[in-house]
Amino acid sequence: MTGDPVLVADGLGKAFRVGKRRVPALDGVSLGIAAGAVTGLIGPDGAGKTTFMRLAAGLLRPDAGSIRVLGLDASRDALAVQAALGYMPQRFGLYEDLTVQENLDLYADLQGVPAALRAGRYAELMHMTGLAPFTARLAGRLSGGMKQKLGLACTLVRAPRLLLLDEPTVGVDPVSRRELWAIIDRLVRAEGMSVLLSTAYLDEAERCAEVVLLHEGRVLDQGPPGRQSARVAGRTWAVTAPGRRNRDLQAELAGLDGVVDALVQGEHVRLVTRAEHLPEAVAQRPGLLAQPTPARFEDGFIDLLRARGAAPAAPAAEAPAPTPPAGDGVVIEVAGLKRRFGDFWAVAGLDFQIRRGEIFGLLGANGAGKTTTFRMLCGLLPASAGQLRVAGLDLRHAAAAARARIGYMSQKFSLYGNLSVTQNLDFFARIYGLAGTARRARLAWALAEFELAGYADQLSADLPLGYKQRLALACALMHEPEILFLDEPTSGVDPLARREFWQRINGLARRGVTVLVTTHFMEEAEYCDRLAIMAAGRILALDDPAAIKARARSPEHPEPGMEDAFIRLVEASAEATP
Amino acid sequence: MSRPGGAARGGAGMRLRGLTRKEFLQIVRDPSSIAIAFLMPIFLLVLFGYGVSLDAEHVPVAVVVEAPSPDSADFVAALRGSSSFSPRDMAGMAEAERALLLGEVRGIIRLRADFARRLRRPDGAAIQVIVDGVDANTARLVLGYAEGAWGTWLAARAAASGQTLTRPADLQARIWFNSELKSRNYLVPGLVAIIMTLIGALLTALVMAREWERGTMEALMVTPASMTEVLLGKLAAYFTLGTGGMLLTVGLAVWLFEVPLRGSFWLLWGCSSLFLLASLGMGLTISTLARSQFVAGEIAIIATFLPAFLLSGFIFDIGSMPPVVQAITHVVVARYFVAIVQTLFLAGDVWSVILPNAAALAVMAAIFLAITWKKSRKRLD
């Protein structure tokens, strides 16, 4: 890191009006961002990342404090700041009805790139992003990953001194995500560019030279990413108990004295402890094997949040009912499932079975066929071919009856924003046919179980993100479904809320509810009992997370993560089908 | 303003060229702008040129002759000869009334049993005309036409028998400007105003809102392009599109519908440009208020399109509206332009009409463009 900071914020504050309240998005943020390096602005949705980016780009005026970019006041000299930096908003700013080349030309004109320099710069950018063969294609016809790379190329037509990237990796498949990081690394190393990148994915922190942790509009910490893992060095363990489900083990360990965090992570339970030795409450338990494991960024983040007073998530301490023995009956049965749109096979032949009380994950990039599969399983879309039985009912003949036994929660939290919490719950109870005392009882249960009583009369649009998520789950559970479908339920949610959410899901699974999750979020994949990795409408691998990760093991990669395994599988299948 | 970096960079000209080219490419690739700019004008022209007519022609009327005679036969033949009516003979009043109730005829013309006898008496005969007053406009036309037909027949009868019919005063009507009294001749020119409102206000409000919705506005804002340049790029593209719509409408009006264009074409072009600027100003003003296409479309329809339709004098005469509504029409931009086009097409270059209306258009255009320019800042809050 060299020279003066490229960006300095001092006591920065900004609030927005939500309903009748003023909600602070940023509150007293002071930080400096070093030149010639990648700085990560890391925090969950609603932490204030986008507001910070927009303030830095001179698109918003601060309520308090100041922000200086490249030595200029971003709010007073907005035009000069904008002329010097590159900014890629969350939705890339591409014109979908213009071709790749026309988008580049537009941004070159706007940035005033002289005609003589263009050919060289275009060639360089197209080579870097791998878009050279597609210059005549409309931007709207590109895949998500390609759009994002084109967005980046447009931002880079004139090499800016500071590059602001607002959540560039959201909704992008792991392969494209890795390519994007390679491009960013090259820009910093070869061109000496300074980059500020925001993300909700904590695992991306480790790729940054410096990390700013943003939480609820405040800076929690700033420093090299290693600092977070260093906080918890020697305090992280991989715990297994042969013959028992990790989910039961996790529920048992979560509330114990001296335990900061317990998380199912594929083949083991990841434990963060308060001290550098196992707490007695854990050590005394019979049949446990605890191995020290390297600390991650997220462990440190959780520790930091807990140290600031966040209570450990310990929802309804119901007796840890023993999980019914495996093979207790197949609840979802799929054989030779296919779905065609025109001459395109979105789903090209799936076979799998899901047992009662199992958490089953469908992992795949955008366009892999996850959503299509999901819709067929919910009885919303007829299959073109194949067998499909849900809760013992054939969806070809009894879709409506099967739907009554299914709960569904989507990433977008399909709630009615202008109805209150109680009205939303009441509505979902009614459409599933609950009446009279049964409905009132279930409503009371939902308000108590999800700790929503304090918000009962608030409009659901005004709820904080974590509470929206709770409400969405409560709505999906009003009719006590046997099967729960979750569509990317926790992407962008803060790590504490994510833990709490999965505690609830684990609790449901232990009581025999079958859970099906689709995700492209590697963290969520780790919570599943079994996973199907999908690409181009087919299943590439179907196994438990540990076995899937083991497939990617190689001499260079002795401890591959889920992302490594995913990329390896996708690349192998791409080679096999030229 | 200092330019960090110091490298040679293109200026406002290059940025404006890029923005304008982008707008044209989007127009060409977006079927909905093509539809609004070219298919809508054709659709509206065909609708108003062929479908809608405020004239009454071949109005079905029941004719009840209670005692047929050579005189009554002569009168009914005269009715039949007029293009205003298509008479239907009925056996009696009961049948005629039923037909009126069912809406099969719009009026009843009744010749009583003593028609022939009274015709020869000094105080003369009378005919009874009953009209369906539900549609007041047609009712008045039927009454007027029937009276006219009766007068003409009496005069012709008097002339044939060598007498002159004495009347206290003789009405000699001359119809100026639209001598054929075709409603098409004043509806079609007014359509130019409607179509340019659609392109200027509705389409422009929609495309600006689309930039907000798709997040491209945020990306434009962080480039060195100023807000004025972004707006000028839009103005240039949609001004051209609006002029195209105007030429198409005028061309079809003159060559397909044979509406006379008595004034100067270049004067029409100049006034259209002023009106188009005002419309674009309204569209851009709306887009500074509404950042979703749905809301922008809704506001544009209610605030620009409907007033242009109802309160501009395009169909309904402003002079016959209640005073309050007349006062409101003064803020309807289209009103000034409708006055200009109707004058230019049917009367010619009447400067005393065109100058004040054109001045009003210029003021409106300046106001709306100024509001847009003032309200559009390169900021999101």
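Cβ atoms are placed via backbone N, Cα and C, with glycine included.
Those TrEMBL annotations? Automatic predictions, nothing curated.
Listed features, source TrEMBL:
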| type | residues | note |
| --- | --- | --- |
| DOMAIN | B:151-379 | domain 'ABC transmembrane type-2' |
| TRANSMEM | B:34-52 | transmembrane segment |
| TRANSMEM | B:186-209 | transmembrane segment |
| TRANSMEM | B:235-257 | transmembrane segment |
| TRANSMEM | B:264-288 | transmembrane segment |
| TRANSMEM | B:294-316 | transmembrane segment |
| TRANSMEM | B:353-373 | transmembrane segment |
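Of the candidate ranges B:186-209, B:235-257, B:264-288, B:353-373, B:186-209 has the most C-beta pairs within less than 8 angstroms of the transmembrane segment (B:294-316). At the 8 Å Cβ threshold, with sequence separation of at least 6, the transmembrane segment (B:186-209) comes into contact with the transmembrane segment (B:264-288) through 3 or more pairs.
Residues of the same chain lying 6 or more positions beyond the ends of the transmembrane segment (B:353-373) and with a Cβ under 8 Å from any Cβ of it are 227-228, 231, 267, 270-271, 274-275, 277-278, 280-282, 284-285, 288, 333, 336-337, 339-340, 343-344, 347. Among residues of the same chain six or more beyond the transmembrane segment (B:235-257), those with a C-beta under 8 A of the stretch's C-beta atoms are 16, 20, 23-24, 27, 33, 37-38, 41-42, 45, 49, 184, 188-189, 191-192, 195-196, 198-200, 203-204, 207, 265, 268-269, 272-273, 276-277, 279-280, 283-284, 345. A Cβ distance under 8 Å defines the sequence-distant neighbours of the transmembrane segment (B:264-288), meaning residues of its chain 6+ beyond its ends; these are 192-193, 196-197, 199-205, 208-209, 212, 231, 234-235, 238-239, 242-243, 246, 250, 296, 299-300, 303-304, 333-334, 336-337, 340-341, 344, 349, 354, 357-358, 361-362, 364-365, 367-369, 371-372, 375-376.
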